[in-house]
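Only one structure is covered here, and it is reproduced in the block below.
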């Protein structure tokens with residue numbers, strides 16, 4: 001990366017300017033992070049260890065759990081450190097690295113959700129062809145593709161941001177290094193960066209959201225037209241409801257943050273929304289899946305009983 005800048009470090013101003021709240025916020029965010037690591041770690045472990053969960057649905061769920069752990073780990077440890085520390089500095093390279101992995105893991109998760117929705121569409125609407133369509137090779141190919149696309153999408157933004165000139169203030173009005181707050185500090189022309197953010201990131205967010213919505217629309221239509229059994233209808237809708245809840249929790253805040261014009265942005269609003277999709281949502285995902293998914297609950301109970 002070509003570092004054309006006189007700024008060697010940035011200062012992350014954090015979640016709030018009220019210093020007295022920092023100890024309380026530390027306890028709250030540490031608890032959320034602990035729930036995230038424990039819950040997603042348990043799902044990942046169960047999906048790997050339990051042969052009954054070696055199916056495409058749980059393979060993708062394991063990927064989601066892994067992404068949620070990594071996604072929040074990109075921002076939360078540094079935020080927790082800054083809540084207790086007087087020094088809130090992050091190096092230029094550290095800032096660009098954080099930006100890269102945040103967008104890499106975030107965009108990968110956004111693209112994983114329509115794959116999970118497609119898996120449910122095939123399972124519910126084409127049950128006799130499910131094992132043929134959702135074969136092991138296709139699942140691996142789709143997973144590798146979305147992880148690769150996410151990496152290169154993030155690489156585009158990290159390279160373009162690192163090439164900007166930062167010659168003035170270095171106070172980032174956020175709790176992590178994101179594109180919009182850094183563009184506010186850049187000295188040169190940032191029109192291309194903003195265009196890429198709105199166009200590329202907007203496409204990465206909107207296209208999966210549309211495909212996911214389309215899959216669930218077809219599923220719900222199929223269920224109401226074809227299913228005669230109330231118990232089957234309830235089971236299928238229950239599975240879809242947990243997936244759709246995750247979709248809403250991720251996409252709505254992301255679309256609100258990255259699709260809005262920069263002139264309509266509020267720094268406080270952006271920080272609150274970022275907490276929703278980068279801190280709260282990854283911790284809620286395992287609760288949603290374990291509380292609403294009978295097979296995951298049963299697998300967890302079997303493992304706990306075996307250990308006890």
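Glycine residues also receive a Cβ, built from the backbone N, Cα and C atoms like all the rest.
Keep in mind that TrEMBL annotations are predicted by a computer and have not been checked by a curator.
For reference, TrEMBL has these:
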| type | residues | note |
| --- | --- | --- |
| TRANSMEM | 24-49 | transmembrane segment |
| DOMAIN | 39-289 | domain 'G-protein coupled receptors family 1 profile' |
| TRANSMEM | 56-77 | transmembrane segment |
| TRANSMEM | 89-117 | transmembrane segment |
| TRANSMEM | 138-156 | transmembrane segment |
| TRANSMEM | 204-225 | transmembrane segment |
| TRANSMEM | 237-259 | transmembrane segment |
| TRANSMEM | 271-291 | transmembrane segment |
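Beyond its flanks by at least six residues, the transmembrane segment (24-49) meets 15-16, 58-59, 61-62, 65-66, 68-69, 72, 76-77, 79-80, 83-84, 279-280, 282-283, 285-287, 289-290, 296, 299-300, 303 of its own chain at Cβ-Cβ distances under 8 Å. Non-local neighbours of the transmembrane segment (271-291) in the same chain are 15, 29, 32-33, 35-36, 39-40, 42-43, 61, 64-65, 68-69, 71-72, 75-76, 102, 106, 173-176, 178, 242, 245-246, 249-250, 253-254, 256-257, 297, 300; each lies 6+ residues outside the stretch with a CB under 8 Å from one of its CB atoms.
The stretch from 138-156, 204-225, 237-259 that makes the most Cβ contacts under 8 Å with the transmembrane segment (89-117) is 138-156.
In the predicted model, the domain 'G-protein coupled receptors family 1 profile' (39-289) has a mean pLDDT of 86.
Sequence-distant contacts of the transmembrane segment (204-225) (same chain, at least 6 residues past either end, Cβ-Cβ under 8 Å): 107, 110-111, 113-114, 117-118, 120-121, 124-125, 153, 233, 236-237, 240, 243-244, 247, 251, 254-255, 258-259.
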